[in-house]
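What TrEMBL lists as signal peptide is A:1-26. Residues or ranges marked as domain 'Cytochrome c' by TrEMBL: A:87-173, A:187-280. As annotated by TrEMBL, heme c 1 binding site applies to A:Cys102, A:Cys105, A:His106, A:Cys140. Taken from TrEMBL, the feature heme c 2 binding site applies to A:Cys203, A:Cys206, A:His207, A:Cys248. The substrate binding site annotation in TrEMBL covers A:Arg244. Taken from TrEMBL, the feature active site, cysteine persulfide intermediate applies to A:Cys248.
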Amino acid sequence: MTRLLRATTLVSAALVSVGLALPVLADEEADLVVNGDLKMVTHAPAPAHLDGALSEVISGWVFRSDETQALQMDDFDNPGMVFVDKAMEVWNTVDGSEGKSCASCHNDPAESMKGVRAVYPKWNETANEVRTIAAQVNDCRENRMGAKPWKYEGDDMAEMEALIALQSRGMTVNVAIDGPVQSTWEQGKEIYYTRYGQLELSCANCHENNYGNMIRADHLSQGQINGFPAYRLKNTKLNTVHDRFKGCIRDTRAVPFKPGGPEFTALELYVASRGNGLSVEGPSVRN
Amino acid sequence: MKKLMITAVAISALGAGVAMADGVVAPGDVKFEDGAVAMSLTGVPGDPSKASELMDRKFGNCIACHQISALDLPFPGEIGPPLDGAGSRWTEAQLRGIVSNAKMTFEDSMMPAFYKTEGYIRPGVAFTSKAPEGPLDPLLTAQQVEDVVAFLMTLKE
């Protein structure tokens with residue numbers, strides 16, 4: 001409760017400053033240390049599979065204003081943490097026809113979910129497909145709990161993803177791109193470089209060729225997803241990866257793909273792999 | 001010589017019945033020569049005083065990518081070069097070409113084509129995420145392109 005109150009006050013303060021302020025350039029040299037002791041890797045050598053397209057990979061945190069950066073440095077200030085508490089209750093709550101909760105199978109997430117965020121999306125041998133965390137959560141809900149799947153990019157899902165991401169916070173993103181996932185990865189790469197919509201813009205136009213530049217009042221980052229789900233001051237909730245993809249494609253005056261569908265799953269795998277070497281940061285704070 | 005060539009292009013364009021009934025050149029009929037478009041898209045001189053509105057968010061959103069000191073528009077982007085002095089660097093025909101379809105001048109340019117309606121991948125109606133039911137409108141009308149070009153011509157070094 002105290003946490004909730006404190007976070008809410010801080011957010012409204014931050015919103016006021018976002019509303020009034022000029023686009024404040026970030027301190028790109030700042031270090032991200034959470035709660036005074038968890039040091040994040042925000043700059044890493046680009047993975048070899050990028051073939052020199054980037055010289056280094058950089059967390060989106062680096063491009064945010066000092067105020068927004070600060071919100072992610074202390075869990076009492078991070079408005080996303082309230083939703084982790086909420087998801088922890090859901091974790092322990094029975095739902096569906098089988099009389100089970102997440103905890104029935106996975107016990108304490110601090111142990112069972114440690115390392116998960118760092119390696120997803122990944123190949124699921126039994127299902128013979130690439131799974132995102134959200135797809136896996138809904139598979140558990142439907143097939144093990146007999147419960148209704150959550151809306152792919154809805155609040156319940158975003159909050160559960162935050163709980164799961166938190167268990168890997170500070171670990172290094174290390175998504176596999178070879179073996180059975182390779183063709184999906186290639187598909188994601190093709191989507192990344194396709195110029196969609198009437199504005200004919202690709203992800204790469206903004207996030208590979210122009211990161212660090214302003215596009216109107218927005219400071220472009222590399223569009224990394226190591227910080228997801230992300231609490232956005234703009235809509236005061238946690239946002240999922242596919243929701244962000246949807247927004248970025250819409251902004252090219254295009255028709256986005258469906259959240260949870262094969263195209264965004266492939267794109268998520270590809271974009272996640274571009275962040276190999278960075279730290280898992282979710283839930284992060286963004287404007 | 002140059003003038004002669006331009007006249008020839010204009011005449012052949014008219015001869016081919018390119019200009020629409022109201023004198024407006026349709027997006028698919030614009031003739032590019034080395035990226036430039038010699039003939040006015042409307043035959044009506046552009047009005048440079050419209051630029052402030054046309055280059056802002058609701059229309060061309062040029063300011064998202066370019067700094068334009070002559071206009072009082074906040075937070076200019078830095079994706080493209082500042083447009084100050086563009087009227088000294090380029091001819092009117094070249095500027096008409098760049099605004100209509102910059103990719104005819106700058107290969108693979110990030111700059112959107114403002115007078116074009118086809119050849120898109122998954123185009124939507126503005127920012128609605130919905131597929132269009134009929135043909136798309138160009139990002140700027142023919143006269144708006146002429147207004148923007150007329151303004152760019154006033155940006156002298």
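Going from the start of the chain as shown, residues are counted 1 onward.
Cβ from N, Cα, C; glycine included.
Annotated features taken from TrEMBL, shown on the structure.
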residue	record	Cβ within 10 Å
A:Cys102	heme c 1 binding site	26
A:Cys105	heme c 1 binding site	11
A:His106	heme c 1 binding site	15
A:Cys140	heme c 1 binding site	16
A:Cys203	heme c 2 binding site	23
A:Cys206	heme c 2 binding site	22
A:His207	heme c 2 binding site	20
A:Arg244	substrate binding site	19
A:Cys248	heme c 2 binding site	17
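Taken residue by residue, the domain 'Cytochrome c' (A:187-280) breaks down under DSSP into 34 helix, 16 strand, 44 coil. Spanning the residues A:Cys203, A:Cys206, A:His207, A:Cys248 that the record associates with binding heme c 2, the maximal Cα-Cα distance equals 11 Å. Ranking the binding-site residues A:Cys203, A:His207, A:Arg244 by the distance of their Cα atoms from the Cα of A:His106 (heme c 1 binding site) places A:Arg244 first. Per Cα geometry, A:Arg244 is the residue among the binding-site residues A:Cys102, A:Cys105, A:Arg244 nearest to A:His207 (heme c 2 binding site). Between the CA atoms of A:Cys102 (heme c 1 binding site) and A:Cys203 (heme c 2 binding site) there is a gap of 35 Å. For the domain 'Cytochrome c' (A:87-173), the model's pLDDT averages out at 98. Helix first, then strand, then coil: DSSP counts for the domain 'Cytochrome c' (A:87-173) stand at 43 helix, 9 strand, 35 coil. Those residues noted as binding heme c 1 (A:Cys102, A:Cys105, A:His106, A:Cys140) have their most widely separated CA atoms at a distance of 11 Å.
Same-chain residues that are not part of A:Cys203, A:Cys206, A:His207, A:Cys248 yet have a Cβ within 8 Å of the Cβ center of the heme c 2 site turn out to be A:Leu201, A:Ser202, A:Ala204, A:Asn205, A:Glu208, A:Leu220, A:Gly223. When the alpha carbons of A:Cys105 (heme c 1 binding site) and A:Cys248 (heme c 2 binding site) are compared, the span between them is 36 angstrom. Between the C-alpha atoms of A:Cys248 (heme c 2 binding site) and A:Cys140 (heme c 1 binding site), the distance comes to 30 Å.
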